[in-house]
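Undergrad: Just passing along the structure, written as structure tokens.
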Amino acid sequence: VEGGAGFSMLKITQSMIRDNTASNDGGGINIKPGNKLELTDSRVLNNSAGDDGGGIEAEAGSDITIADSTFTDNTASRGGGIDNEGGITVTDSLVSENEATDDGGGIRNEEAADRNSPTSSRLTILNSTIRENTAHNRGGGIRNENEGTVIIMNSTIHGNTSTDDGDRDGGGGIHNSGNMTITGSTISNNTAESRGGGIRNKENLTLTNCTIGGNTAGNDGGGIESDDTLSMTNCTISGNMAGDNGGGIRRDGGRFRLQNTIIAGNQAGNNGPDCHGSIISLGHNLIGISTHCN
């Protein structure tokens, strides 16, 4: 969708967008800068893009609202279901069984070329489910790139997979290299062949009232692997597994602040079944086995 000299608004309701192919971006839909899309009660399935956004591509400066919709079986190099360089809000929707040969099996929040736009690289997910997506690099469910902002509330990230293409960067459920806030959500049963079964954090991540359970990493950080700033309040991390260190959480750099949180019942093949690395405790935490937590 392009607006020419002005802006364009596209509204799609109770529709099906399927079996389309783009050689570059936006297998199902491509929204250009300055244009808007409202997608409601619709299905986007079995579309493919040679580059970004198997289901939808949102370019920098575009604005998309998605509600009560489903993205299934879409494929792309990056952003199997959705690729966002603009602003997207996803509400009461399902993103499932999409695939990226590179980053972001379900959704990729791309680093925008135009960082000055108020809608660039902003993704909000509300009351939605991101499940059973696959990335063959970073972020099986969601990949948030540098300078990107993601807000996730009351949602489920479940059963996603990040395979190992050689860089070992992982993030079965989520890979974050930007700014991310997760509230009232569940990160469960995700798998990374390398690091960060549930979440791989490389920038700024805040978790509040969350559950992280049943995730698996082939190497470090069954629940979470964090290299930078991580803050957790009122969370439970249990039932995760790492092949090497940090079954629940592994801190590999940055600051890790913990308050009113339980980390217990996790497993690691080497050190730190529940946690591995330095923690700043703000009080009222319960850690099952704290031998390798400083």
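Placed from the backbone N, Cα and C atoms, the Cβ positions cover glycine too.
From TrEMBL, for reference:
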type	residues	note
COMPBIAS	179-193	compositional bias 'Polar residues'
DOMAIN	3-112	domain 'Right handed beta helix'
DOMAIN	123-272	domain 'Right handed beta helix'
REGION	72-120	region 'Disordered'
REGION	179-200	region 'Disordered'
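Give me the local environment of each listed feature.
TA: Long-range contacts of the compositional bias 'Polar residues' (179-193) within the same chain, counting only residues at least 6 positions beyond its ends with a Cβ under 8 Å from a Cβ of the stretch, are 140-141, 144, 148-164, 170-173, 199-201, 203-218, 223.
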Undergrad: Across the domain 'Right handed beta helix' (123-272), what does the pLDDT come to on average, as a whole number?
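TA: Per the prediction, mean pLDDT sits at 97 for the domain 'Right handed beta helix' (123-272).
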